[in-house]
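Visitor: In case it helps, Swiss-Prot gives these features for our protein:
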type	residues	note
SIGNAL	1-22	signal peptide
DISULFID	CYS32-CYS48	disulfide bond
DOMAIN	62-213	domain 'Cupin type-1'
CARBOHYD	ASN77	N-linked glycosylation site
BINDING	HIS110, HIS112, GLU117, HIS159	Mn(2+) binding site
Amino acid sequence: MRVSQSLVPFAIIALVLSFVNAYDPSPLQDFCVAIDDLKGVFVNGRFCKDPKRVDAKDFFFSGLNMPGNTNNQVGSNVTTVNVDQIPGLNTMGISLVRIDYAPHGQNPPHTHPRGSEILVLVEGTLYVGFVSSNQDNNRLFAKVLHPGDVFVFPIGMIHFQVNVGKIPAVAFAGLSSQNAGVITIANTVFGSNPPIYPELLARAFQLDASVVKELQAKFGSI
């Protein structure tokens, strides 16, 4: 699928706006290109590559023009561009994803523990939303998006997207972290390793323990 060139600026705007409330530490130098050092001490972020060895490829990624494979259980694919793909994002407080959705495909309820998200729809029709905290009575904020529409998901809030159209959908999203993380709710609760006690989940979700065990068997294999 070819992404409409006229809507590319919206994706760029999403990235620029993600700078405003970046949650990662601000850099204290021009750049700090990430480098993996198994012999080093763990730090909150990444070690810096010697600036004299930094080159253009440390700030480059290619491939967001290519659709992701949505032939899976949820009918979506997230192509992530964070510090793991672009080491030069280290300390920059931003990252980017492309999300492809098959018709009726979804990005299931999940959270990003370390970053807010701003999403721009490029093709198709999405129903998107997030749920506020217990303190706010778990209110649902949701909208149907069309090409060019933008929606924000606050940091830590459970949110989702589902393709409600008859054609594939494409969205881009900027996140206010070099590695925002993702916690998919169903996989985390029912697919933890080792499993959470079924009796605990049965009472928490008001389900029969046998149903919980069935869900654990399903999500534990993903």
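Cβ from N, Cα, C; glycine included.
Show me how these features fit into the structure around them.
Guide: According to DSSP, CYS48 (disulfide bond) is assigned to a strand segment.
Taking the Cβ of ASN77 (N-linked glycosylation site) as centre and 10 Å as the limit, one finds 18 other Cβ atoms among all the protein chains shown.
The secondary structure of HIS112 (Mn(2+) binding site), as reduced to three states from DSSP, is coil rather than helix or strand.
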Visitor: If we count other C-beta atoms within 10 Å, could you say which of the binding-site residues HIS110, HIS112, HIS159 has the fewest?
Guide: HIS110
Visitor: Among the recorded positions listed here (CYS32, CYS48, ASN77), which has the Cα closest to the Cα of HIS159 (Mn(2+) binding site)?
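Guide: Of all the candidates listed, ASN77 is nearest in space.
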Visitor: In angstrom units, rounded to an integer, how far apart are the Cα atoms of CYS48 (disulfide bond) and HIS112 (Mn(2+) binding site)?
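Guide: Counting only the Cα atoms, the answer is 25 Å.
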